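Read the structure below first, then the notes.
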Amino acid sequence: MKTATCSLLICVFLLQLMVPVNTDGTLDIIGKKKVKELLAHQDNYPSAVRKTLSCTNVKSMSKWASCPAGMTATGCSCGFACGSWEIQNENICNCLCLIVDWAYARCCQLS
């Protein structure tokens, strides 16, 4: 009985690892939240200069993904279902799990 239960738990765990993750959707949601936060704290005076927000994804085959010069990391996504990450120096995504095969950084620039 113990062997069957253990085998079942292992099968369930392996099936969870096989479920695909929609990283682009997750990064877009995080980016939109960040933009809303930035816009909520701007001055109430109309700007004479029109600003545009441009964003891109940067993929790395390691635990770190760096944004291009002049861009800021607004969110991260990590491989092997790692949900633990941090942004360092405003432009580097660092995945905090022990085993990670890729990292995405959502990089944006307001110009």
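Glycine too: its Cβ is placed from the backbone N, Cα and C atoms.
Look at Swiss-Prot and you will find 1-23 tagged as signal peptide, backed by sequence analysis.
Summarising the annotation, Swiss-Prot assigns disulfide bond to Cys55-Cys108 (among others) and lists similarity to another entry as the type of evidence. Taking a C-beta cut-off of under 8 angstroms and a sequence separation of 6 or more, Cys108 (disulfide bond) has the following same-chain neighbours: Gly31, Lys34, Val35, Leu53, Ser54, Cys55, Thr56, Met71, Thr72, Thr74.
Residues annotated as disulfide bond in Swiss-Prot, with similarity to another entry given as evidence: Cys67-Cys107 (among others). Counting only residues at least six positions away in the same chain, the Cβ atoms of Cys55, Thr56, Asn57, Val58, Cys67, Pro68, Met71, Thr72, Ala73, Thr74, Asn91 sit under 8 Å from the Cβ of Cys107 (disulfide bond).
The disulfide bond annotation in Swiss-Prot covers Cys76-Cys93 (among others). For Cys76 (disulfide bond), the same-chain residues that are 6 or more apart in sequence and have a Cβ closer than 8 Å to its Cβ are Leu27, Ala65, Trp85, Glu86, Ile87, Cys93, Asn94, Cys95, Ala103, Tyr104, Ala105, Arg106.
The disulfide bond annotation in Swiss-Prot covers Cys78-Cys95 (among others), and the record cites similarity to another entry as its basis. Cβ neighbour count for Cys95 (disulfide bond): 26 (other Cβ atoms within 10 Å of its Cβ, all protein chains included). DSSP gives Cys95 (disulfide bond) a strand state.
Secondary structure from DSSP puts Cys82 (disulfide bond) in coil. Annotation source Swiss-Prot lists disulfide bond at Cys82-Cys97 (among others), citing similarity to another entry.
According to its DSSP assignment, Cys108 (disulfide bond) is in a strand.
According to DSSP, Cys55 (disulfide bond) sits within a strand segment.
It is Cys55, among the disulfide-bonded residues Cys55, Cys67, Cys78, whose Cβ has the fewest other Cβ atoms within 10 Å in the structure shown.
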